[in-house]
Amino acid sequence: MTSSILDWFWSESFWLPQNVTWADLERPPPGEEYPRMRDILYALPLAVCVFLLRLLFERLVAKPCAQILQIQAGVPRQAQPNAVLEKVFQSKVCPDTRTLEGLSKQMDWDERKIQRWFRVRRNQDRPSVQKKFCESMWRFTFYLGIFIYAIRHLWVSPWMWDTRECWYNYPFQPLSAGQFNYYVAELAFYWSLMFSQFIDIKRKDFIIMIVHHLATIFLITFSYANNMLRAGTLVMCVHDASDIFLEAAKLANYAKYQRLCDGLFVVFSISFFITRLVIYPFWVVYSVLVESWEIAGPYQAWWLLNGLLLVLQTLHIIWFYLIARIAIKAIFKGKVAKDDRSDIESSSDEEIDSSPDTHDH
């Protein structure tokens, strides 16, 4: 039963171009290697190592840096214990007017007092600035490191300069050590995000990000399985580039270097526009959509993978609209403003943390 389901799922007619079989990819020429699906499974135990490395990094590197910058953990103000309000809070973090009126009559409290209790209770669960700083420093370090590694590999790769090289002799293209390392590192990182999503800073788009991470894992895994590695490395590199500046802007924000934060966020906005709305659609997606059709021809999985790449492009447009709104406020008002994704209420200037996460490869 299991075997027949796997055979159906890994159908050659779906995943591979016409007249190509999985057996063909198991027999590379002497001295060469083709991607093998079982090798990508190394990403799973490596994801656990990445997660543990992150915990060590945050404790031994990021936390001391935060302390040097005088970013304290801080203890949030505790809400007055109240069983009735706590019960409502568990189902409604922000009660509506009707609920407030009902609670006011039931408890003989002023509505403003009840609103104040809910605000304090929400902020009670808010992560400290130091925790946010440590999380952002880890992401900044990973994105910077993996981007440098990718550029070193791609700079000497002919398909970076001529995307048609992605499709010549496809799918019989040898796997290099650089491609394998890059793929496994990215996949391990996203699996580690799946683990840590439940302990990281919670935001309103928690479910959306879970779905997003799963979609990213799907894209990385199956582009590896059908040897679409050349285009895949371009997609991942383009996406990592702008995230470096976003995390750097967050770090500046938490350290209260507001001018640096505003400047970095504007740089992030420009880099996001160039990489996600210019290079990605007109260089990478064009190659996967048009050049691959001309050189290798379409097949069933080709439609699926292109569909997912176009969905990503749609997300880029939505995210850029949200990012541009914040960047314009930074330019004209001199301060990064809180956007609609913020999940906390605070008088502090920690708003950039709520800008749209843009990790989608």
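Indices start at 1 and increase along the chain as displayed.
Each Cβ is built from the backbone N, Cα and C atoms, and glycine gets one as well.
Owing to the predicted nature of the structure, the values given are computational and were not obtained by experimental measurement.
Per TrEMBL, these features apply:
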{"type": "DNA_BIND", "residues": "87-129", "note": "DNA-binding region"}
{"type": "DOMAIN", "residues": "85-128", "note": "domain 'Homeobox'"}
{"type": "DOMAIN", "residues": "131-332", "note": "domain 'TLC'"}
{"type": "REGION", "residues": "338-361", "note": "region 'Disordered'"}
{"type": "TRANSMEM", "residues": "40-57", "note": "transmembrane segment"}
{"type": "TRANSMEM", "residues": "140-160", "note": "transmembrane segment"}
{"type": "TRANSMEM", "residues": "206-225", "note": "transmembrane segment"}
{"type": "TRANSMEM", "residues": "264-289", "note": "transmembrane segment"}
{"type": "TRANSMEM", "residues": "301-323", "note": "transmembrane segment"}
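Residues of the same chain lying 6 or more positions beyond the ends of the transmembrane segment (40-57) and with a Cβ under 8 Å from any Cβ of it are 137-138, 141, 183-185, 187-189, 191-192, 194-196, 221, 224-225.
Mean per-residue pLDDT, taken over the domain 'Homeobox' (85-128), amounts to 77.
In terms of DSSP secondary structure, the DNA-binding region (87-129) contains 31 helix, 0 strand, 12 coil.
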